[in-house]
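Single-structure report; data block below.
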Amino acid sequence: MQLVLHAVVCAQEPLTVCALAGLLNLTSARVNAALKPLWSILRVSNSDVEDRVSTLHASFPDYMLNSSRSGSFACDANAHNATLAKLCFERIERHIPQFNICNLPSSYLFDTEVTGIDEDVKRHVPLDLLYACQYWAAHLELGAWQNQEDQVDSLHGFLSERLLLWMEVLNLTGRIDKGVIQVNKATSWLQTKHHHENTMLLARDARRFVTLFATSPVSKSTPHIYVSMLASWPPAQPIAHCYTHRSAGLVLVKGLEATERQLSLLTMTPAGSQVRCVACSPNGAYITAGTADKRVLIWDAVTCQLTIDPIQAHTNAVTAIAISPDSTQVCSASNDWTICVWDIQSGAGIAGPLKAHSSRVWSVDYSPDGRWLSSGSYDGTVCIWSTSDWRMKGEPLGNRDDRVMSVAFSPSGTLLAAASESDIYLWDPFAGQIISGPLKGHTGLIRTLTFLPDERHIVSGSFDCTIFVWDVTHAKLVAGPLRGHSETVSAVAVSPDGRLLVSASVDGTMRTWNTSTWQTHSVFRHTGVVRSVRFLPDGSRLVSGSIDGNMRTWEVPDVPIGQVMDGQSLAHEDWVRCVSFSSCGSYIVSGSSDLTVRVWNMQAGQPTCTTLTGHNAYVLSVGFSLDSSHIYSVSMDRMVYVWERRSGKLEYTIGPIDTDGDYDPWYQEFWPAVFLYDNKRVVCGSRSGRIYVWKDGKQTHELTGHDKAVYSIAVSPDGLTFASGADGGKLMMWDASTGAQLRSVSEAHADCIYSIAYSHDGALLASGSYDMTIRLWNTHTGQPIGDPLRGHGGGVRCVAFSSQGDKLVSGSDDRTIRIWDVESRTSIAVLEGHTGYVLSVTFSPNGAYAVSGSADTMIRVWNAPTSSSAHDIQQSRSLNWKIDKDGWVRDSRDHLLFWVPPDLRGALLMPQNTMLMSRQCKAELELTNAKIGNEWEACYRPL
């Protein structure tokens, strides 16, 4: 009787007699017999068809838990919760079957597509099993076992033997988000236990496994716990050690052992637009983000589910966000020059729009006591706002001459740091006086500031790609410049205990730094520019926002301080901006934002690489001499480098090339310049619209005709003419010798012409535009050939003809490559695999292959289909799979073959790929003998 009574008192929710019997491993008759004498104090309510047992009076559990009042009937809550945790584990363990509990027929289907799934779940998941799966972690957390070893052993046994079954139950009943909460509780509970390193490693890996599954589209199909998650889990990880030996016929992911994984990535949550800023609530409950499409989003920090509908916050992009110290308010700032304050639970407006700035507001920060809000703006001022009446305190601080891109209160709230251009000023925020500064050292705008918890140090990140650490008391530099990022440092944040600093960058990476030694601790890689990063209050996780449209959460790796988690490879580490084949077809040359040129020898089965270094700016264009003996490269700083291919020796340079002195960094990133190796001529465009021709280091022509920036230039194969495309859609053709205008089409496109290319006989010209179309032109008449080629869903960045002139390849911001039949002007293939903009494409000399370079840092070599071979591919099951936007590998019948984790997608060799040059190495799916679809039950053998 006592066991039953104590179970009723300590249960997390009322249970039926049947469920109590199942959980306690008793017969229903024994439970009924135990309950009968207790009818005066217990209630049986008619709910959910079956009667549930609960206490009659709300005060009764308090009575039972007080031994001085209840005497021998007293319930020791600590002891009985420990008992219930053990009973939960045992109930899960004795369930039959231990695998595919609802007899799901096929892994090709989403759970919702299975006929009668709701009835099957009700029939196969009894209430006692569901209770055990929902609440074992709560009882573990509340319980105190007599033997700590037994506690930890029970948890270890569950995680190593029943985790996948437990996930099945929660996923089929729509409660997998609660599973994330439970594994977090278990991991936190383990941290209080000592000398159980193996179990802690297992628990952390289980947390990664469950969180990734629960917060990803793969959770829509329960069989893919095994078919996809287990098959793709790194072999060296504890979950793989525990479960893969029971598998048979899983999809084989070739290269999984060597592929660099981002295991620290817990969740990747789409935001629907570029994520410009993120913040975490001090109570650890919420994550918020501001987006380029003017919204504020609020998620549950554990499940990453939106807690309310997106707030339509501003009339322009949200640039900064902060949460009040009491976790009740969200403050957002915008390019619309205003600040707004919202209720974090309801999304209701509290204050604003607050108007005082005369330009975009870049930064907001609450004082530690929550009484004040600071804001920094491009107008050069800092404003202090009272959070009681939302009025500005005094006059704005600052001189209005310098841009303020970051503000930060000190931990005590007595200091306010403001980044003004490349300097830092420390203010008394209430007296409005400068206490210290300027702190000088950066050579570029300071984008981000944060104080360390000791209040003695402040950290700054800059457009100059460096991080500085300053002693506030003595106004001096104590560490830095810290180098590691290759582009602007967009955000810095410090862990709550002050031991780690995290920095985010436009280069697509985040780095953590040991604040004792200021050495890099670990590296995290995004697929896009990282705009913002924050630690969650427990210090175990990071939150980041990127222009790739995702909010991510990361586990802070448990790596010894000083050990750098950064994979090494020969591949590029930043955008691959240009690629080119040698005339013999044996080599590919590539140029990148990582300032390197790389030469790939394609003669072996695997490409080998030679790296050429020397550039001081992004490499925008590369090519070979006709005999393939030399390589040239053009960089963003208007320099041309010429290298001997075999030795890699730099032979000579040309430049910097003067283009009317108009140097704009954003334009220069897309500067069009063509180098003609044989006669050492350079043809280049400019932001003003002028075109310049240089030979032997001297300017020979300055050509006018465009009235807007020139974004693309191509020279005809015979070198006699060249073409140019500009912002606004104007296309022009020129005589290369005299500079005379040959053709001019004012509205060739409806938007900027990003790319142009000549056919190898010079008779055709192709132009690709931001208007998402491609046009073909007759170079002799200047007339268009047919209608625009449509198909891309983003701006067309690059175009190139095959040497035979029968095919055209294009690459786009939509991350796809298309092969077009020139004669019919139809798309014959869509090549998908890149996870970033496709920046450069070209054909091999024989037209059999195409190579592409992308903002995802990768180079892919593709089979280039003809019209007939495209049909053959459609008929081939082995070649006809694609990955959709959610990561599902689907065949021509739309079956769910496999789900690819986000961190593996960029390294995956697609069916049409012959080679992949990636810093992650590469992975390849082998589906031929996999037990999937109607055979999926054969892929796993349970205990």
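Glycine too: its Cβ is placed from the backbone N, Cα and C atoms.
Quick look at what TrEMBL lists:
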| type | residues | note |
| --- | --- | --- |
| REPEAT | 268-300 | repeat 'WD' |
| REPEAT | 311-352 | repeat 'WD' |
| REPEAT | 397-428 | repeat 'WD' |
| REPEAT | 439-480 | repeat 'WD' |
| REPEAT | 482-523 | repeat 'WD' |
| REPEAT | 523-556 | repeat 'WD' |
| REPEAT | 569-610 | repeat 'WD' |
| REPEAT | 612-653 | repeat 'WD' |
| REPEAT | 703-744 | repeat 'WD' |
| REPEAT | 746-787 | repeat 'WD' |
| REPEAT | 789-830 | repeat 'WD' |
| REPEAT | 831-872 | repeat 'WD' |
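Counted with DSSP, the repeat 'WD' (397-428) comes out as 0 helix, 18 strand, 14 coil. Sequence-distant contacts of the repeat 'WD' (789-830) (same chain, at least 6 residues past either end, Cβ-Cβ under 8 Å): 751-752, 754-761, 763-764, 766-776, 836-843, 845-847, 850, 852, 854, 862, 864-867, 870, 873, 912. Outside the repeat 'WD' (439-480), and at least 6 residues removed from its termini, the chain residues within Cβ reach (under 8 Å) are 403, 405-412, 415, 417-426, 486-494, 496-498, 501, 503, 505, 513, 515, 518. The repeat 'WD' (523-556) scores a mean pLDDT of 88 in the predicted structure. Helix, strand and coil content of the repeat 'WD' (439-480), in residues and according to DSSP, is 0 helix, 24 strand, 18 coil.
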